[in-house]
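Colleague: For reference, the structure I am asking about is given below.
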Amino acid sequence: MCGILAVLGCSDDSRAKRARHGDCFLAHQRLAIVDPASGDQPLYNEDETIVVTVNGEIYNHEELRKRLPGHRFRTGSDCEVIAHLYEEYGEGFMDMLDGIFSFVLLDTRDDSFIAARDAIGVTPLYIGWGLEGSVWISSEMKGLNDDCKRFEVFPPGHMYTSKGGSHERWYKPPWYVEAIPSAPYDPLVLREAFEKAVIKRLMTDVPFGVLLSGGLDSSLVAAVICRHMAGTRAAEQWGTQLHSFCVGLEGSPDLKAAKDVADHLGTVHHEFHFTVQDGIDAIEDVIYHTETYDVTTIRASTPMFLMSRKIKAMGVKMVISGEGSDELFGGYLYFHKAPNKEEFHRETCRKIKALHQYDCLRANKATSAWGVEARVPFLDKGFIDVAMGIDPEWKMHILYRQKEQFSDGVGYSWIDGLKAHAAEHAVEWDARWSKNVDPSGRAAVGVHASAYDPTAPSLPDAKHRMTEVKASGLTVST
């Protein structure tokens, strides 16, 4: 027998749905976004020989169902298609999936199993091994800690098979080997890819909204939703007026910028305030849920954690957010110092590969702690292919508002109040960075207009934001 125990969705298995075959156990705690009425997991094929438990969303499930005419589906769940794809294609179906997912699939016909994680690692997944040779897979490390001799992060874009006993990469995009692309920038192609990425994420049967910081990334997301929501299933159920959410300390940059964008787009805007003490009081819970001690991740997760609690209290279960754009387009302030386009591109590749440890982890876990799902259109597979195929020379333009990292934008005194220090592992394109004791964007001496160093030269105006070429082709007008 394969000896697997999988717990997906959360580690609180007291409320989880379960399936057992021999010494194989699958359990799932569901946050129902699509087909809440009938989509409980685990899910099965027709004769229940294939069992799957999934954390995620398959955005092209309706298209995939059409490619499986001989199969009978039990539910309207977008994830049920995985069981039928495996029955039809075996392990070769992974790249057909368009979405975010972590899943474990059990084939009772030969007592084998496969586990897989989405391309970038938007959804969390961990794998561990017991002393007696059992394999444990969970959405949270705390589900493995007591029973495994060792455990580790399940790598994004990989599949693990019981037959092979090892990880195999299924996601193999051209950018992964860090070859320098040469495609010219086409704003219409980029815009179309981004709009498709946003629109497909409107697949929901529950109330939703958008996280709006007032920065370029989230403003573009909100603008596309406002432009295209009419006529969608989401609009039919919840209306055409978008709800937007922002969090910050009193007087923070994000609150003002978000209000300006919300007024321009006509969203129903909700502004949440917190204090430094509120954040400090929440840090222990934030660390428990995010399962990391990374300084910047915790600092950014804390306001998101506080906001998610209030969002859920309003009855909203899904939000669309702007994570990933800075990695794709070199939006972080230190990219300002990139010596050439080759180094610029290689660093964007490295940043994308590490997203599952930082921004994706924060966006998923800080929201799911309160039963809210975050969706990230900038990390859509199709959009990444387009964005990472552009000659990086185009991305080295300087446009619009200066970049604010989320933990800075919610209010500068949040970081100042924490007095956090951490070892920094930075790309040393500027010798002065080696003296930095803080990984905040405001520590980019000589680049950020409100940098910590009072002697550092300020940028002359707000147009010097190190963002990206995305602004040229994607506007926020309605």
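Even glycines carry a Cβ here, placed using N, Cα and C.
What TrEMBL says about a protein is an automatic prediction, not a curated fact.
Given the structure is predicted, the values throughout are model-derived calculations rather than measurements.
What TrEMBL shows for this protein is this:
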{"type": "DOMAIN", "residues": "1-165", "note": "domain 'Glutamine amidotransferase type-2'"}
{"type": "BINDING", "residues": "Asp78", "note": "L-glutamine binding site"}
{"type": "BINDING", "residues": "Leu211, Val247, Ser321, Gly322", "note": "ATP binding site"}
{"type": "SITE", "residues": "Glu323", "note": "site 'Important for beta-aspartyl-AMP intermediate formation'"}
Colleague: What mean pLDDT score does the domain 'Glutamine amidotransferase type-2' (1-165) have in the model?
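Modeller: So the average pLDDT across the domain 'Glutamine amidotransferase type-2' (1-165) works out to 87.
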Colleague: When you look at Leu211, Val247, Ser321, Gly322, which the record names as binding ATP, what is the longest CA to CA distance in angstrom?
Modeller: 14
Colleague: If you skip the near sequence neighbours and keep only those at least six away, which residues in the chain come within under 8 angstroms of Ser321 (ATP binding site), Cβ to Cβ?
Modeller: Val210, Leu211, Ser218, Val221, Ala363, Ala374, Arg375, Val376
Colleague: Give the distance between the Cα atoms of Val247 (ATP binding site) and Glu323 (site 'Important for beta-aspartyl-AMP intermediate formation'), rounded to the nearest whole Å.
Modeller: 16
Colleague: Got a sec? Which of these binding-site residues, Asp78, Val247, has the most Cβ atoms within 10 Å?
Modeller: Val247
Colleague: Asp78 (L-glutamine binding site) to Glu323 (site 'Important for beta-aspartyl-AMP intermediate formation'): how many Å between their Cα atoms?
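Modeller: Per the Cα atoms, Asp78 (L-glutamine binding site) and Glu323 (site 'Important for beta-aspartyl-AMP intermediate formation') stand 23 Å apart.
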Colleague: Taking the Cβ of Glu323 (site 'Important for beta-aspartyl-AMP intermediate formation') as the reference point, list residues of the same chain whose Cβ is under 8 angstroms away and which are at least six residues distant in sequence.
Modeller: Asp217, Leu355, Asp359, Cys360, Arg362, Ala363, Ala374, Val376, Phe378, Leu379
